[in-house]
Amino acid sequence: MVAAGVQFGWALQLSLLTPYVQMLGIEHAFSSFIWLCGPITGLVVQPCIGIWSDKCESRWGRRRPFIFAGVLMISVAVIVIGFAADIGYVLGDTHQDCKIFQGVARPRAALVFILGFWLLDLANNTVQGPARALLADLSGPDERDASNAIFCLWMAVGNILGFSTGAYGNWQQWFPALGSKACCDACANIKAAFLLAVVFLGLCTCVTLNLTSEDKEEGLGNGPGSIVANLLVGVRQLPSSMQFVLLVMALCWLSWFPFFLFDTDWMGREVYQGDPKGDIVKATSYQRGVQEGAFGLLLNSVILGISSLFIDPLCRLLGSKNVWALGNFIVFVAMAFTGIITMNVVHGRADGSYHHPNWVRIAAVILFTVLGFPLAITYSVPYSLTADLTADAGAGQGLAMGILNLAVVIPQTLVALGSGPWDALFGGGNEPAFGLASISALAAGIIAFRKLPMLSRNGYHRTTMMHGPH
């Protein structure tokens, strides 16, 4: 159940934080740098926390102390993020009322936000590793399918609640005391949403920690230095066909991560032609687009959950590699279609305003929704292929999954470093990054279809992964 609490916060991150960053005055070209923490901590923190929890001899159990500590850090980080504008105001940022100033950089608030955001990703990874290990500890060999299904169910619950919270957009009316001179409606809405996330996470954590019982086991694992050495040695022990799995996985995440970074920002800027630092009309349009994007992500999560029920029979029918190729081809078309949507918005009227055809907004929401199907494929099929291909290899399954994780976090780092400046070269919008995402998805689909091995149709095994880039 704790996975639902973590997913709630992660869904809010995806839908609200990139726009929030720009409200604080961080330029669009540099906003992607802030997301570097996810892949970095996913690569370093999770393995180390996993090893330390293996060796933990606390009377409270091996995993639960780390889950509890991670949840406390998440709560602190979320409060810091939500109150960043107010903290920056106290530390010396502009004292103009937020209702009248526009485009004013708030460097102290931005710094507070960045510190809180990095702490949040560190805390998320502190919880996720032990939570997955706890699931494995409590599940017998014949119970893992059922436990993974329940785990996925809680992930879906967290996603749906999180994106619903992000899409609502009027939480400041329920909690008017959260508004201030430094934090007007849009900011107060985000603040309230994150406080709700803390409450929900606390509830989920209490259930998880109080209704589980851990048997004391012998400590396992080695120091962090051996993790890197084992990964490097393990690469040489994997079958040659795994090289193409790693390549497709890397290209796949080069296509997904720009969407994760800029989905709601694209809705606010390109589809609704808003500007978070513009006048009241532009800022309102931007916020409406962000809320519409969050609603699209909510529908995306519903399709993700439904699709996961059909991936197993689909892989048995078509073969895992062909299903993965199909998913990448869908992403290619969807990312390319964002350009068509954008081009049909920017036809200006004589008075300088923009025309927003209804079909354009509907098409954007449909695009978000449809991407739930290939996302379900991305979160399952690569891990099943890896399990099948490495079952008899010298490297263990855990090591093989660790190597596969490198093909996730390295592309995420490249996108976080390069997508903002790359977009800035072409005018500061999101379409350049989406264009590269489309090309990467096409390459991933072609390589998957032509180079991945065709396994037995019975060679597909269900697996699971925490939602979102880590």
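Any Cβ shown, glycine's included, is placed from N, Cα and C.
Keep in mind that TrEMBL annotations are predicted by a computer and have not been checked by a curator.
Under the heading transmembrane segment, TrEMBL lists 33-53 (among others).
Positions annotated as transmembrane segment by TrEMBL: 65-89 (among others). Long-range contacts of the transmembrane segment (65-89) within the same chain, counting only residues at least 6 positions beyond its ends with a Cβ under 8 Å from a Cβ of the stretch, are 2, 5-6, 9, 17, 20, 23-24, 49, 52-53, 56, 58, 95, 98, 106-113, 115-117, 119-120, 122-127, 129-131, 134, 180-183, 187, 190-192, 194-195, 197-198, 201-202, 205, 208-209.
Here the transmembrane segment (148-168) has long-range neighbours at 1, 3-12, 14-16, 135, 193, 196-197, 200, 204, 291-292, 294-295, 297-298, 300-302, 304-305, 308, 462-464, 466-467, meaning same-chain residues at least 6 beyond its ends whose C-beta is under 8 angstroms from one of its own. What TrEMBL lists as transmembrane segment is 148-168 (among others).
Annotation comment: TrEMBL describes 188-211 (among others) as transmembrane segment.
The transmembrane segment annotation in TrEMBL covers 244-262 (among others). Tertiary proximity for the transmembrane segment (244-262) is limited to same-chain residues at least six positions away from its ends with a CB under 8 Å from its CB atoms, namely 14, 18, 31-32, 35, 324, 328, 331-332, 335, 371, 375, 378, 382, 385-386, 389, 403-404, 406-408, 410-412, 414-416, 419, 430, 433-434, 436-438, 440-441, 443-444, 447-448, 451-452, 468-469.
A Cβ distance under 8 Å defines the sequence-distant neighbours of the transmembrane segment (293-311), meaning residues of its chain 6+ beyond its ends; these are 11, 14-16, 152-153, 156, 159-160, 163-164, 166-167, 169, 263-268, 323, 364-365, 367-373, 375-377, 379-381, 467. Look at TrEMBL and you will find 293-311 (among others) tagged as transmembrane segment.
Annotation comment: TrEMBL describes 323-347 (among others) as transmembrane segment.
Among the features that TrEMBL reports, transmembrane segment is placed at 359-381 (among others).
The transmembrane segment feature in TrEMBL is assigned to 393-414 (among others).
If you look at the transmembrane segment (434-452), the same-chain residues 6 or more away from its ends with a CB under 8 A from one of its CBs are 241, 244-245, 247-248, 251-252, 254-259, 262, 266, 321-322, 324-329, 331-332, 335-336, 338-339, 385, 419, 422. The transmembrane segment annotation in TrEMBL covers 434-452 (among others).
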(message) Which sequence-distant residues neighbour the transmembrane segment (323-347)? Criterion: at least 6 residues beyond either end, Cβ under 8 Å.
(response) 248, 251-252, 255-256, 258-259, 266, 270-271, 273, 311, 314-315, 354-357, 360, 363-364, 367, 370-371, 373-374, 377-378, 381-382, 385, 429-431, 434-435, 437-439, 441-442, 444-446, 448-449, 452
